[in-house]
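The following features are taken from Swiss-Prot:
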BINDING   146-208, 230  ATP binding site
BINDING   297, 310  Mg(2+) binding site
DOMAIN    116-340  domain 'ATP-grasp'
């Protein structure tokens, strides 16, 4: 595991007046890069061959580093170029998925915005639940074995899959039937099934709440929220019930887009309290706790109580909706999560706090 001291030693050799914000060319890269430029920082993207077009045509990247595969971001040549550019790398879901947690923790010797140690806590269900339970927020009941299923549950699998392979069932027999079908179709394998996370299906409305823990301002901000647009479930529910039954299609929950939403103003108090609790718990678990963006994926029940069913320990894909209403209220202008990150980096540099926002 790379120590924070090793990363800070690298940071100490940077020309702080010539900083870059860098990221992998996927997920939320467009907003991260645009935000860097808006705050007067150089923007750098590491991109796979054949995937540079959006960054070129939209003009958001000052430099494009082309690699054969995303995993090549770990190559020493690429890392050296990032250090030459005085780059601070912003992690996102694709970065975690392609570069890998072991690579990020042990091999990636470039300063990263945020707490790299917390990325594992979002990827492993048992760790994620431990953090949420420590925070004291409401979470769905978890079932240790398919044999214990006695109510509607949703079955999830490890890693950043964007909902692929998830399914709902109500008893052990239905679990076995649906799991076997997914294995036959090549969606999951036996190893995935052994690591299946089975949790109570909470009926409620979906709010994915986008937070920002600011070291510079010493506060936790709620910037905006979205809900997921999932295929094929969102298409199925548009069909009459009789047609759904006749079609015999198995619902899937693969995220294909995001829809901006706002919550009733009276519920914001709960959301701020949840964010504060999660940040305090993260400080106890992996110092210095959350830095910058994180997301709580929640369900709001008919009793107007929030259950947290998933955590993102970095910028979440839902921030691609651009307009974050509470960020607008705070800053008086449209501030994307990408720009909020760059603003924190710039202000931390200007106030001598940069060591506090990287690991």
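Numbers run from 1 along the shown chain.
Using N, Cα and C of the backbone, Cβ positions are placed for all residues, glycine too.
Annotated features taken from Swiss-Prot, shown on the structure.
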{"residue": "146", "record": "ATP binding site", "Cβ contacts under 8 Å, 6 or more apart": "172, 175, 176, 196, 198"}
{"residue": "154", "record": "ATP binding site", "Cβ contacts under 8 Å, 6 or more apart": "166, 167, 168, 198, 199, 201"}
{"residue": "170", "record": "ATP binding site", "Cβ contacts under 8 Å, 6 or more apart": "149, 151, 152, 153"}
{"residue": "178", "record": "ATP binding site", "Cβ contacts under 8 Å, 6 or more apart": "155, 167, 169, 250"}
{"residue": "186", "record": "ATP binding site", "Cβ contacts under 8 Å, 6 or more apart": "none"}
{"residue": "194", "record": "ATP binding site", "Cβ contacts under 8 Å, 6 or more apart": "none"}
{"residue": "202", "record": "ATP binding site", "Cβ contacts under 8 Å, 6 or more apart": "140, 299, 301, 307, 309"}
{"residue": "297", "record": "Mg(2+) binding site", "Cβ contacts under 8 Å, 6 or more apart": "206, 208, 209, 308, 309, 310, 311, 312"}
Per-residue pLDDT averaged over the domain 'ATP-grasp' (116-340), given as an integer: 94
Number of other Cβ atoms within 10 Å of the Cβ of residue 310 (Mg(2+) binding site) across all protein chains: 17
